[in-house]
Structure formats: structure tokens, C-alpha cells
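**Q** Provided herewith is a single structure, encoded as C-alpha cells, for subsequent inquiry.
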Amino acid sequence: MGQEDQEVLIRGGKATSTSAESLNNNNEQPYEQSSINQGFCKNYGTLSPPSPALTADNLTYSWYNLDVFGAVHQPGSSWKQLVNRVKGVFCNERHIPAPRKHLLKNDSGVAYPGELLAVMGSSGAGKTTLLNASAFRSSKGVQISPSTIRMLNGHPVDAKEMQARCAYVQQDDLFIGSLTAREHLIFQAMVRMPRHMTQKQKVQRVDQVIQDLSLGKCQNTLIGVPGRVKGLSGGERKRLAFASEALTDPPLLICDEPTSGLDSFMAHSVVQVLKKLSQKGKTVILTIHQPSSELFELFDKILLMAEGRVAFLGTPGEAVDFFSYIGATCPTNYTPADFYVQVLAVVPGREVESRDRVAKICDNFAVGKVSREMEQNFQKLVKSNGFGKEDENEYTYKASWFMQFRAVLWRSWLSVLKEPLLVKVRLLQTTMVAVLIGLIFLGQQLTQVGVMNINGAIFLFLTNMTFQNSFATITVFTTELPVFMRETRSRLYRCDTYFLGKTIAELPLFLVVPFLFTAIAYPLIGLRPGVDHFFTALALVTLVANVSTSFGYLISCACSSTSMALSVGPPVIIPFLLFGGFFLNSGSVPVYFKWLSYLSWFRYANEGLLINQWADVKPGEITCTLSNTTCPSSGEVILETLNFSASDLPFDFIGLALLIVGFRISAYIALTMRARRKE
């Protein structure tokens, strides 16, 4: 529909039926000298529920005086706010509050059991903001007026009560792509369903939901990662998102743009699923941008929004009468949904006239029949108490701590086994690098040159383990952060259960990789023979692999994206590398950097491996073949040259173990802080 196609001809307070020809008449000047009948909405729109019976499992959801503000981002606004706060503290100047945008303007509405309510409007009308505020899911920086009331069956509710009874399907589908649809639902059942249910009962519920949402054919298909791993189609992913929420059989379902990115066929199948849920007595609310005529017929009620205000609430049939009465009859060659959205849209280049028209429509609706009935009902229904203690959630989380840990551990272990880049490629990479280093330093002898080469090969052990494991951890962990943020905000599991489950599931891989590397490179290079020497070296290399893994966790938890983590990692690792004793003698470290050397795992591991290699090398074992070169007479001389002592080997093990614990605790704290900032 073009710009002229949006014109609604209302002149002299009389409604004029708008035909397709008049809408395309370029000579008309729309909205000029127009007025709106102040009583046009008296008899249009409905508030009556389809069923009078209401229980805790059959909910009427209503919101009253929903007033929402959002921060306006301005260039340099953070710096300006800081300057204003400093002036307020030290200069006794009044702090100027940041500008705010009025997102929702005293909106009220109601959705009943057994009906599908579609929230419609143009982009920026406030549809998603309405849903987020209704479901207590508003993002950081959004402020909701204290006068706002959200009710279930006439009882005011808080975020905890709403979470217990409402399922919220967001626009973006976030999954672990290496799982199948069935595995994903089993995990969701483990953390969502009540703790008194057995595992068998949860699996039976998963089977029932798979059948109800027609996921049987794809239940054993990988979910996949768009653009990387082929998996479920867009419609199947959306139905899987519904299935995740439907496991607990919630009486209220809120969906944000469920048809976004889908073709007309897939969109129709998704909305049909929601329609079936509403026919089972569920209260279903969804936002939709541009529904087809077939989709529009599935809606029981529509709520039209414009400029953050409610412009209409009622059935699609009543909407036809509503807009006809104000002189905006829908032409026969347009779908009603498109026409209503266009009528309530702000036309580029004609913002003043458009906003004036929208304001008049919304103002008149606010004093009409539906708004008056809602006002009266809210005054009658609001009660001081909620659902009562007997109906409140007994636990903050549905699953126990152990069940959360078990579920996360199971899912993380499946991800490790199924992720090709995490297992196959890493094992192949480790084997190739170990063979390459072994062949380059093949069969080193105890000579002057051999001593230098062995020391270099040992340091390569450390650098390879560090960069291979830290960067692998950064890549893997950050990709799950969006899923983690959403699931923790939905109170599916705690931060500590996720962190423990994730790290323990990946631990076997970080034990196999150093063993494989050491088993190949150690004998090829010809390092100190003996079972005790081999296992001492293996223990040190394994500790290095896990220190670097822990450091990778810390970087990934502290950074907001994979690209940022990959950019931050190398510059932070380099200082630790310099204090390893290979480039800079440990006795030459400046006093002001001494503290940093104690945080370097390169220092502890390099010292430990060199002690393991040279501590028991007696005088005469090193062959001196070059007379013009200083030749170390024994292993003790080599260690003294590097400022290492054989007695420090136990402290090297302790230092590496403490770094593992310290980095992981720091990573957990960073992860917890990130999760709390999102709440």
C-alpha cells in the first residue's frame, strides 16, 4: 500500500466510506481539515470473556495503566552523565537526569482463556515493549511506572508469580545446535518440571508434547546452527520453542513475533499451533507485524497499537465496523490487517498529520465503551492479596540443585561428544603439532646444542598447550553465553550449576589432549628417560592445559562476544609468557613486575619441567664437543643459570593448582555478575 493508499477521508465530522479508487486519488489532501467523531468508539470493541469460569489453571490476564519509559541513547551520554554526577557531588550542582522516551502511555488491556489475542501495529508502535513489560521481561534501562498493575484473575502479581504461570517465547530462537530436538526437550523437562516428578514422568510428558506439536518426524534431527550446521527448518525451530514452554502446561502463553522470518506456509502452521493451544483453554497473546488474510481469520481478538498507545481492542469483525464508522472502510483489494496498520502508521514526511490523526483515534478509544468497562472492572477486581500462599511457588527453581547440575552436565557432555570442532579437529591438531615438534627436535643428545634445543622444546610444550586450550575455550564458551543468559533469566538453573556442569563435562577433553601431546612428543624429542620423569612431565603439562583453560573461561565470561574475547586474549597472555624464564631470567624481573610473575603459569611449569629434565643429570653426562662454547657440567649448573632450584618443584605444582582454582573462581564471579546485570 503506497502513501496515498493510506489516506482516510474524514471531513466535517461525517464519516465517508473510502473506496479503493478514492484511496488512490492523488488529488486528495488527506487529513487536512479533518475531524473525528468523538463518539465513534462507544459501541465498538469487546471486553466480555468467552467463558465465565476462572481457576488458577484458567487465567484471565489483564494490565492496567501500563506506563513505560526508556532511556534515550545520545553520543557521549555516558561521559555527560558522569560529569553531571561529579558536579552534583563536588560543585553542589543539581544532577540533570538523562532524557527518557515515553514508550507505552497508560495502556490497558485484557486477554481471556480460550482466545488468541494478536497485538498488531507498525514497527515502533510498542508491541514488543508491551509484551516485555507484561511478562516482567523488560530490558535494562526500561522503567515501568509504579502505578502500573498487572493481574491474573483479578489479583495483582509480581515477577515471581508471573514466571510460575506464564510461558514467554521470545522472537529469537536460541538453542544448543549440537542437540537433537528430543534431547533439547528432555533437558528442558529436567529443569522446568516440578522436582516431585520422576524422570520417567518427565520423559512421558516430552513424548506427549512432541505429539501435540507435530515434532515426531524431526525429534531425532539435530537442531543445527544456521549457516554452519544443517538442522531444523525455521518452522520446526519455532515449534520447538513452543514445545519447550508447553512442557509445564502453562495457562498463559506470550509469544513475540512467532512468525518472524517464516514463509506464509510455515507462519500459518505456527499460528495454527497457537490456535490449538488457545482452544484447550490457554490464554495466548502474540505480536505479529504483517499477517496474511488466512492468519488474520485465526485471531479471536486483536489489539491495535500506535505510538505506544492502544487504538483498538476487540474481535476482527468489530474492527471492520470500528474503522468503517470513522470513515476508513477497508478496500476490497486489501487485507484488513494491512489496512489497519497503514491507517495507524506514521507516514514519512507527514509525521505531524499522522501523529495528530493517531492521537485523535487513541484519545477517543480511551473514553469509549471498552476502556470504560476495563476501568470499572479493574476497580472491582483489584484485591490486596495475590493467589495466596497455597498457590505461590514453593521454590525459586523448579528443579533441585542436584537435578540442575545433572541436567547441565548431561547436555554439556552431549555437546562435547557431538561437536566436531571440539573433539575431532582438536585431537587431529594435537597429534599433528606433537609429531611436528617431535620431528623437528628428534633425538636430542646431552650436548651444548642439545641442552639449548631441549629447553626450547620444553617451552614449546607450554606455549602450545596454552594457546590451543585457551582459544578453544574462548570460542566454545562464548557461543553459549546467549543461551545461558536467557535460561538463567528464566530461572531454569543457577549460575553455579551451569559453571560446574560445563567445566566438568569438558574436563576429560583437557586431560586427553595433554596426554596425547606428551605421549607423542616426549619420546620423539628424547627427553629424560624413566617412567617417573614421564609422568611428572605429563602432570605438569596437564596442569598447564587446565590453567590455560581456566584462563580462557575467565576471558570468555568477562567479554561480551567471541570476537572481543579473541582480541583480548593474546595481549593478556603475552605478559605471562615473558615471565616464563625463557625470554627473561627469573632473577632479572623488575621489582615492580615481581607480583605479575607469580601469576604466570609459564614460570611454574617451565621451572617444573626443567627441574624434571635436569635435576638428576650428574657431572659428565653432558658431552662437551665445542671448545669455544661454555658447556654446563651438570644439570644443576643449568638450573642455576636459569635461577631455578630443584627444591621448588612441589611449589610449582601448588602454584599451578592455585592458578586453576583462582582463574575458575574469577570466571564464575564474572559469569554471575554478567547474569545479574541482565536481570
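Yeah, the Cβs are placed from backbone N, Cα and C, and that goes for glycine too.
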**Q** Swiss-Prot annotation N-linked glycosylation site: which of Asn132, Asn333, Asn643 has it?
**A** Asn643
**Q** State the count of C-beta atoms found within 10 angstroms of the C-beta of Ser122 (ATP binding site), not counting that atom itself.
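**A** Excluding its own Cβ, the number within 10 Å is 21.
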**Q** In the same chain, who gets a Cβ under 8 Å from the transmembrane segment (427-445) while lying at least 6 residues past its ends?
**A** 453-454, 456-457, 460, 464, 468, 512-513, 516-518, 520-521, 523-527, 623
**Q** Count the Cβ atoms, other than its own, that fall within 10 Å of the Cβ of Thr128 (ATP binding site), considering every protein chain shown.
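**A** By my count, 17.
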**Q** Do any residues, 6 or more residues outside the transmembrane segment (651-670), come within under 8 Å Cβ-to-Cβ of it, and if so which ones?
**A** 495-496, 499, 503, 539-540, 543-544, 546-547, 550-551, 553-554, 556-558, 598-599, 601, 603-605, 607-608, 611
**Q** Short question: which residues 6 or more past the ends of the transmembrane segment (534-555) have a Cβ under 8 Å from it?
**A** 461-462, 465-474, 477, 503, 506-507, 510-511, 513-515, 517-519, 522, 527, 565, 568-569, 572-573, 601, 605, 608-609, 612-613, 652-653, 656-657, 659-660, 663-664, 666-667, 670
**Q** Could you check the recorded positions Ser123, Asn643 and say which one's CB has the most other CB atoms within 10 Å?
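**A** The most densely surrounded of these recorded positions is Asn643.
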**Q** Would you mind pulling the DSSP three-state label for Thr128 (ATP binding site)?
**A** helix
